[in-house]
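Here the structure is laid out as structure tokens; the discussion comes afterwards.
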Amino acid sequence: MEEPRRLGGRYELGPVLGRGGMAEVYHAHDTRLGRQVAVKTLRADLARDPSFQARFRREAQSAASLNHPAIVAVYDTGEDYIDNVSIPYIVMEYVDGSTLRELLHSGRKLLPERTLEMTIGILQALEYSHRAGIVHRDIKPANVMLTRNGQVKVMDFGIARAMGDSGMTMTQTAAVIGTAQYLSPEQAKGEQVDARSDLYSTGCLLYELLTVRPPFVGDSPVAVAYQHVREEPQAPSVFDPEITPEMDAIVLKALVKDPDYRYQSADEMRVDIEACLDGQPVGATAAMGAMAAGGYGAYPDDQPTTALRSDGGGGATTMLPPMNPDDGGYGYDERPDRRRQQPRKKNTSTIFLVLAGVLVLVGAILIGKYAFSGDGGPGNDKVPVPAFIGLSKADAQQQADNIDLVLTFKQQECEDQPKGNICAQDPKQGTDVDKESTVNLVVSTGAPKVAVPNVIDKNIDEAKKQLEDKGFEVETKQTESSQDEGTILSQNPDPGKELEKGSTVTLEVAKAEEKATVPDVVGRTCDEAKAQVESGGDLTAVCTDQPTNDPNQVGKVISTTPQSSTQVDPGSKVTIVVGKAVEKTKVPEVRGKTLAEARQILQQSGFTNVQVAQGSPGDDNAKVFASNPQPGSEVDDPAATPITLMTVPGDGGNGNGGNGNGGAIAGLPGFGD
């Protein structure tokens, strides 16, 4: 069994998935990562041509720089050698699905809504590539894959860009750079293209998905290209009544001849489609209404056009074989199992094919020269002056070179254009002049400089007015301050500095210091109250006990300091007062003690208000024989409770009261057992 061909020591090539004008695509296996991939190689018969080698490498560079889920990913690049000839290759994501061309050829009709959803995927890919500075230049059904789960994948980024710098032009409808049915007017006329050309091609593709026919058909590529330049397409709803006016408007705006009045970005077109799907108004409706009323989209019959011209930057024109209309299900030009089997042609047939191609090429150039000129005869020698204002000097020069105008430049200060941009032109935009005429342009050196006024301590409204009157832009940032709210605290740049009009001055504006509010937590527990006070992160809380005789206040918040609803600075501390049950104190036993001993015992228990009953001896040696309140009695506050002692002389006395066993003393209430 023959060993499979292996590239780079890891990519085993399987069956051919498709062949195109300059490359072959293989189903391959990545032995290192164990995954399926697609490998595109430069055709061996073209590999000896350095120009094709360079174009293929540029394709690899362009495609490898794009990483987006709606774009077929490039994993790796490399070179293989056959008979000492370098064969570059690109390793790509293998997509299991079919192309939109195969879907169209299947005869199945898509719902308009599904068509719009697929177009959104295409536009997301273009939006990403355009931001990366890459224009696809060949959006068509064969270059858009639909995976088995319905995801859109755009492929062959960079091919049209790489091949576009050769001298090739249209030979057959299916074998051109920018297929004729999806060609933008600027491509057909040989003019410079930008991202808006891709949007025109996307409009052609959307038209075909909706109606199952391209917007323009003809017997030859030149006839189709002529219609792209001169004819207006019919509304898609002419062919399918299910298509809404909003869908018509989106398609027709994408197909406007003048790029300036087409969609200006993939994002803008995608937003309109999403609005249409949501049942919302679309911007294209108003734009196309203006065209119908003879606005910007009207194309007068005598509008001059530019003759189709070839690019002189490449080598000799080379005929490429036409692509098979049935390109297979994998998005590479055709699958082997679906290709029509054709008999091998003899060398004579090849010679006739080359001669026929040369004749078609010459015819295309001649037809382009006459058919695309404004009056159908020799090219018009007058051209309208473009709008140079707002362009950079380099961009203005490029536009002038495209239509054979000569530019002169002078520099001066301009208030309405940044430095380096064109701020004035003579003649004005739209003036018809002879080719090789001179257009005088003024390049801005920047706006005149103005001293920044001092607005510190002024109110914001007054400060903004003063700065804006001088031509400055104003930005503000707020800072908490004790100064009045709206007062300017500082400015940047500093007062007196000279700046161009339109420069930005940043103002620091005072705003009121934020305050925290003490919440009402009375009646809560300590933990509940602390959590509520500290919940905002601006306050801290601490609990303290306070005795209370009210049993309902025990364990509950009685009050706070500061009081509830008080405005305080962030970070302030709130003291939470919690009720605590009062502890009872027993009156100690002091009977039989000397008066000095009794006082000491009572004071140690907190009874500081000790009195001697009237008529009782008050010397320290006197003996206590009774007290009021009686020993063992419980009181709330010993310091506030007076204790009255009855004493007898210290030398004794033989009454029972002297030894503590006496009864009550007559006439002294409260004394006794």
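The backbone N, Cα and C atoms fix where each Cβ goes, glycine too.
Since this is a predicted model, take the numbers as computed values, not measurements.
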Quick one: which of 410-438, 613-641 does Swiss-Prot have down as region 'Disordered'?
613-641
Any idea which of 548-568, 653-673 is down as region 'Disordered' in Swiss-Prot?
653-673
Long-range environment of the compositional bias 'Polar residues' (479-493) - Cβ separation under 8 angstroms, sequence gap at least 6:
452, 454-461, 463, 499, 505-514
Does DSSP put Asp138 (active site, proton acceptor) in a helix, in a strand, or in coil?
coil
In DSSP terms, helix, strand or coil for Val25 (ATP binding site)?
strand
Alpha-carbon spacing, Leu17 (ATP binding site) to Asp138 (active site, proton acceptor), which is rounded to whole Å:
20
